[in-house]
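Visitor: Just dropping this structure here.
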Amino acid sequence: MELDDILDAGRGDRLFLLGNEAAVRAAIESGVGVASTYPGTPSSEIGNVLSKIAKRAGIYFEFSINEKVALEVAAAAAASGVRSFTFMKHVGLNVASDSFMSVAYTGVRAGMVVLSADDPSMFSSQNEQDNRHYARLAWVPLLEPSNPQEILEYMNHAFELSEEYRIPVLLRTTTRVSHMRGVVEAGERRAEPVKGFFRKNPEQFVPVPATARVMRRELVEKMKKLKRVADTSELNRVLNEDSESDLGIIASGGAFNYVYDALQTLGLDVPVLKLGFTYPFPAGLVAEFLSGLEGVLVVEEVDSVMEKEVLAVATSEGLDVGVHGKLDGTLPEIYEYSEDIVRRAISGLTGIKSHEKGIEAPELPERPPALCPGCPHRAMYYSVRRAASELGIEGEDLIFPTDIGCYTLGIEPPYSAADYLLSMGSSVGTACGFSAATSQRIVSFIGDSTFFHAGIPPLINAVHNRQRFVLVILDNRTTAMTGGQPHPGLPVDGMGEEAPAISIEDITRACGVEFVETVNPMNIRRSSETIRRALQHESVAVVISRYPCMLSEGAVRGRPVRVDEEKCDLCLECLNELACPAIVEEDGRVFIDPLYCRGCTICLQICPAGAIKPEGKR
């Protein structure tokens, strides 16, 4: 499907969309004037699509420097009377949470929707946090769609809700909902202003203690009203309500899809309460659903959020109903669910056995993720190891704090260059801690986009507190891991327009770093020599490793190389030190697959026997 179809579709047109693409269509239909994000899987496709069509749609869109800024951009737009949409992966809401908590107090003048894409089973994340807790923490309404059509409908509804109650609305998706495809029926596009006007009202928008106390009281009153709305919301509905089964099921979000499929497989007619408006929790509706049931299965991903609410409702209403789910072991406490998992839980409660077998897949050899052929990070890892070894710094004497990005794959051998990781930017902050607490040497790795996102404040901290470590900024000219989005270091913005590029060299020097050098990582000799001097520097040293990602438009592809079998003595240094997917050992010989080789020449530079040569040379 062409991306323009998402923009140009008329009312009633049917589109086959990813969940994330449906979110873009919803933004267009709802009249969003400002959209913002920092890219992060599983939400990345929303920004990727918006960046291509926002200009035509009349939407201002930006890839912000981080999620906190993205949320603040959206909040200011909503305060100015312009509908806004900000979206991020689940851990991104941690970064934005300071301002997120406050915008719940100040409220909005136009609709504001915050989409959190959670990642059950941590397919591309460092934790499995359940961001439904944020709705409760911030006191904002929470909607949970189950498929692309619902993403469209729920987002449209969320903007109406946001404006009626002057409050931001949190929309929670999960990896499967974000990345599933489905037929979406387009609706009307709403005309909304793309330029607003901010009318000053410090009593509403400046939460100093005196005004914040008033805002807090108003927020409590809003939530009381929203609780009544949740109880009667059309987003909450009962399926199979005429069923005579004494077991019921309550489900939300992507978990509902597993329930639906499992019941189809089992051929069971069981009442199901599908919750789409899940906070404030619709306690009245749930109490009504529970009455007359002997047991209820609560199916949700990730934490037992609804299950605890259901238990509270059953207790407060004096209902003698068994509540099953994560807490009693009927369902797993962690990771994403599947139809098999939910079907087994239902079978266990009903005694009805399924004759369906789970999908039987052949056992495959493990294939850990790897850096791409020609990746400049591989070259820099080699140079760092080599330089440290030449100075006698090895093993436990050398700590490698790392960060979020492709280079996290440095954890894999032979690089083994990832010893500590917490979050975006933590490579720099934790280097400060290791420098203060140990006498070990430290080399931290951070990417270019991550440096802009969260690496600058801890670098200032390091200089001010006289810490000593080497910071390697891996500048591959893109936000690579999430799909190649731009960042402030590039001369282009989120809508493809020319923009000022911010120099990493200038920033690091402005932070007070005296040792700042830029290298081409594909030059092993020069890179190793620079790292060697950086390790000998008595304070913070920054080495910027600059070379374009091999998957980017600016990728450099050289002439493929080959192994001269007459010279190769099978020392296997190329294999053991680089782990490049293009280098293969087979039948007692080493060869380089020309389909994979990008001509980076790193293997050529490190071969002790000089047995690797460019194609065509003898």
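Using the three backbone atoms N, Cα and C, a Cβ is placed for every residue, glycine included.
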Visitor: Among Cys406, Cys432, Cys511, Cys607, which is the one Swiss-Prot gives for the [4Fe-4S] cluster 1 site where Cys568, Cys571, Cys574 also bind?
Guide: Cys607
Visitor: Quick check on the binding-site residues: of Cys568, Cys571, Cys574, Cys597, whose CB has the lowest count of neighbouring CB atoms inside 10 Å?
Guide: Cys571
Visitor: Quick one, of the binding-site residues Cys580, Cys607, which Cβ has the fewest other Cβ within 10 Å?
Guide: Cys607
Visitor: Would you list the DSSP helix, strand and coil counts for the residues of the domain '4Fe-4S ferredoxin-type 2' (588-617)?
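Guide: DSSP classes over the domain '4Fe-4S ferredoxin-type 2' (588-617) add up to 5 helix, 7 strand, 18 coil.
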Visitor: Comparing the binding-site residues Cys600, Cys603, which residue's C-beta has the most other C-beta atoms within 10 angstroms in this structure?
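Guide: It comes out as Cys600.
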Visitor: Near Cys603 ([4Fe-4S] cluster 2 binding site), which of the binding-site residues Cys568, Cys571, Cys574 can be found within 10 Å, Cα to Cα?
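Guide: Cα filter at 10 Å returns Cys574.
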Visitor: Can you figure out which of Cys568, Cys571, Cys574, Cys607 (the binding-site residues) comes closest in space to Cys597 ([4Fe-4S] cluster 2 binding site), comparing Cα atoms?
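Guide: Nearest candidate: Cys574.
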Visitor: Filter the binding-site residues Cys568, Cys571, Cys574, Cys607 down to the ones within 10 angstroms of Cys580 ([4Fe-4S] cluster 2 binding site), Cα to Cα, kept in sequence order.
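Guide: Passing the 10 Å Cα cut: Cys574.
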